[in-house]
Amino acid sequence: GCHLGHNSELSKLPSTIDSLGVTSTLSLSLSCLSLPLPPTEDDVDLEALVNDMNSSFESLYSTCSSVQSESVPLLQHNGQHSTTSPKQRRRRSQPMHILAVRRLQEEEQQLRTSSLPAIPNPFPELSGSPVLSPGSLPPCQPSGTYIINIFSEDGMGKVVEIPADMTARDLCQLLVYKSHCVDDNSWALVEHHPLLGLERCLEDHELVVQVQASMTSEGRFLFRKNYAKYEFFRNPLNFFPEHMVAWCQETNGAIPPSQLLQNFLNSSSCPEIQAFLYVKEMGRKSWKKLYVFLRRSGLYFSTKGTSKEPRHLQLLADLEDSNVFTVTTGKKLHSAPTDYEFCIKPNKRTELKELRMLCTEDEQSRTSWMTAFRLFKYGIVLYQNYKIPQQRKTLSHFSTPVRSVSENSLVAMDFSGRIGRVIDNPLEAQSAAMEEGNAWRKRSQRMNILGSPSPLHPCLLNSVIHRTQLWFHGRITREESHRMIHQQGQVDGLFLLRDSQSNPKAFVLTLCHHQKIKHFQILPCEEDGQIFFSLDDGSTKFTDLIQLVEFYQLNRGVLPCKLKHPCTLVAL
């Protein structure tokens, strides 16, 4: 260790330190000396010196750190200057104040982390398209691409990679393009919760990735038809009966039909839906019949009869952070008093007790409440979504769907010569088609006489050709046909055909009219050895079911309305 000389050597220290302007280096350099020292009478009492300077160490530390770039000679030992770097002085100095120790530890930690090498990503291909799981999205605006699972009515799924800004309308048109469906702007993406028995049709402008992030693990997306999505724009009076609609600024008077939708879409007007509803109590199985009001500010119920005074109104649900769902298993799961139940669910992962369950007396009332909820929440955005398909706007995410094969790629050809030629004259093409049709009939009749009927014999073809149509669903039950009609909108003219359960040779037409489902039996009848199909006991006969459907699409006949919308299913 170092050895101090006579006191005369130390007497020169104060002037040296003062000339340097450094007062902290003394305590730091003295701590470099090895302790304990041999006990002599001329030695300096270092313990007393350190104790005196300990009280001002915090200020001394800052001064010391300001002169890190310089090396100051402190003591001369054997004619040499004893120099110590600032880092070494900090490391050996004693005693240390607790705040200074913490600062030094933080600085060393920063130096250590900054000097570590960067660890490469072992899976760079997964960074661009992470698998979307519930709750994995941050609350900020999403970006990149995500994996979405879409399910069809038969339970089969399809994995689709979509960008984060893809809307529900864009995804539906992408699925239409990939599945080769008819694009009639009636396809919809449905948010389905099987354990809760809830489902709703996504609005066209909603971002699919954001909806997926708020769904639970058991939730899924379904791809199906929904003809009633914008039906209220075409027939508003059927959706909003006058006894359910009131205006806050008026006490009486009928609603002008021309102003009905304008008042719903205009944010400055104050329409209101009011009626008695069955409301399920929170956390209980019991239901209460209350007078409920739906306004732009939320859903309220009156604690005193039908009173609208503010002191008698209590908030049931908020519109801004909620969505309205149809309840498919109301009686079984929630002991609902009727089959017409709907639910208001917050936009988050919620438990069953947090849902607001409501029930109406009929289907029209339930449709009115759910439609008014959508109009109050989205307003003019729904009308813009309704108008976009009519304006034929192009989408940027994928190319235009394939054109129809019928009128775009088929031409009349003449193969009578050695080389085929295109028939440009329409009269010549029509006569060629008639000649070919007559030749086909003669050939089939000749084969039938010889006892070897053609596989395309008219009698056989007429009995099975309907099975290729999208509106024919084979041997499904009456209850399944009801479920399909309910799911696809319950609009006037929605129909399907199926095999009859009571008569194996007959068929059934299932038709929706005024939100009621009716069934009409199609019976076969024989005339001159040929089988015909009739819906009115033989008054109007058709050779096959395709002719029957096409006739009633143009003529109402004995039906309550024309056949407008085929109830179709698609396999993804």
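Placed from the backbone N, Cα and C atoms, the Cβ positions cover glycine too.
Any TrEMBL annotation is an automated prediction that lacks curation.
Going by TrEMBL, these are the annotated features:
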{"type": "COMPBIAS", "residues": "71-86", "note": "compositional bias 'Polar residues'"}
{"type": "REGION", "residues": "71-94", "note": "region 'Disordered'"}
{"type": "DOMAIN", "residues": "144-228", "note": "domain 'Ras-associating'"}
{"type": "DOMAIN", "residues": "270-378", "note": "domain 'PH'"}
{"type": "DOMAIN", "residues": "471-567", "note": "domain 'SH2'"}
Summary of DSSP states over the domain 'SH2' (471-567), given as helix, strand and coil counts: 20 helix, 35 strand, 42 coil
PLDDT averaged over every residue in the domain 'PH' (270-378): 88
Number of helical, extended and coil residues in the domain 'Ras-associating' (144-228), per DSSP: 18 helix, 33 strand, 34 coil
The domain 'PH' (270-378): DSSP-derived helix, strand, coil residue counts: 27 helix, 47 strand, 35 coil
